[in-house]
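Asks: Quick one: the structure is below, and I'll ask about it shortly.
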Amino acid sequence: MSMLCYTLIIAFLIGIWAAPKSEDNVPLGSPATSDLSDTSCAKTHEALKTSRNIDQHYPAPKKAEDQEFGSAANIIVDPKLFQKRRFQSPRVLFSTQPPPLSRDEQSVDNANSLNRNIRAKREDHPVHKRGEYSVCDSVNVWVANKTTATDIRGNLVTVMVDVNINNNVYKQYFFETKCRNPNPVPTGCRGIDARHWNSYCTTTNTFVKALTMEGNQASWRFIRIDSACVCVISRKNENFG
């Protein structure tokens, strides 16, 4: 009888040890996944640093309950989405304020700019040496509140403006490069022989990974943003004979 009782107790303990925990079966992106370990949270905050060097004087991230009811910030994003390096892009950053364009510039702190594109400090195209100029003049800007974009398949998708991570709200910023003027000189691009060539400056695009909305879930997609300013030239028709 004692051997039978011993066997039943062992079987009962094995059953308890093998029973799956309920939190292991929670689908990715659900609110329950916000209860992560301290190690996972630390990795998430590292991924959210602007240029991996956030100014310590930035204000604390806004709480989700401070946002308007029904906003996209109420959709919780799983921090695990930020742990894979292939999803990280130097042109897409998550921060409470627009990052500086370079280490030498100060960040922009303008509370009135939240409802439009946030433009950081701009300056004329630098001249490194006397007599050296750029064919086209470009400007770098941090773009916020981007609500829609074209994905790599040509479809119009919804871009997440605010990201709710562990009940903290971060804004998604895009570093874009645009042409300042399609004709920096009256004849088109600077330095082009206008006697034989037509020229103009135009903005080109690239695709970056960004957080977008798919139903009520957040997902990574390649979207198109402005990335460079180039000169386009074409030969003028010449009459021979």
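Along the chain as shown, residues are numbered 1 onward.
Yeah, the Cβs are placed from backbone N, Cα and C, and that goes for glycine too.
The annotation signal peptide is assigned in Swiss-Prot to 1-18 on the grounds of sequence analysis. Residues or ranges marked as disulfide bond by Swiss-Prot: C136-C201, C179-C229, C189-C231. The N-linked glycosylation site feature in Swiss-Prot is assigned to N145.
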Asks: Could you give the Cα-Cα distance between C179 (disulfide bond) and C136 (disulfide bond), in whole Å?
Replies: 7
Asks: What Cα-Cα separation, expressed in whole Å, is found between C201 (disulfide bond) and C189 (disulfide bond)?
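Replies: About 6 Å separates the two Cα atoms.
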Asks: What's the number of neighbouring CB atoms sitting within 10 A of the CB on C229 (disulfide bond)?
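Replies: Taking all protein chains shown, C229 (disulfide bond) has 23 Cβ neighbours within 10 Å.
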Asks: Quick one: of C136, N145, C229, which recorded positions lie within 10 angstroms of C189 (disulfide bond), measuring between C-alpha atoms? Sequence order, please.
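Replies: Near C189 (disulfide bond) by Cα: C136.
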Asks: Fill in the CA-CA distance, N145 (N-linked glycosylation site) to C136 (disulfide bond), as an integer in Å.
Replies: 27
Asks: Taking the Cβ of C189 (disulfide bond) as the centre, count every other Cβ atom within 10 Å, in any protein chain shown.
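Replies: Neighbour count, Cβ to Cβ under the 10 Å cut-off: 23.
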Asks: Ten-angstrom check, please: count other Cβ atoms within 10 Å of the Cβ of C231 (disulfide bond), all chains counted.
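Replies: That number is 19.
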Asks: In DSSP terms, helix, strand or coil for C179 (disulfide bond)?
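Replies: SS state of C179 (disulfide bond) = strand.
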Asks: For C231 (disulfide bond) and C136 (disulfide bond), what Cα-Cα distance in Å is obtained after rounding to a whole number?
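Replies: About 6 Å separates the two Cα atoms.
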Asks: Select one residue from C136, C179: among these disulfide-bonded residues, choose the one with the most other Cβ atoms within 10 Å of its Cβ.
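Replies: That would be C136, with the highest Cβ count within 10 Å.
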Asks: Cα-Cα, whole number of Å: C136 (disulfide bond) versus C229 (disulfide bond)?
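Replies: That separation, Cα to Cα, works out to 7 Å.
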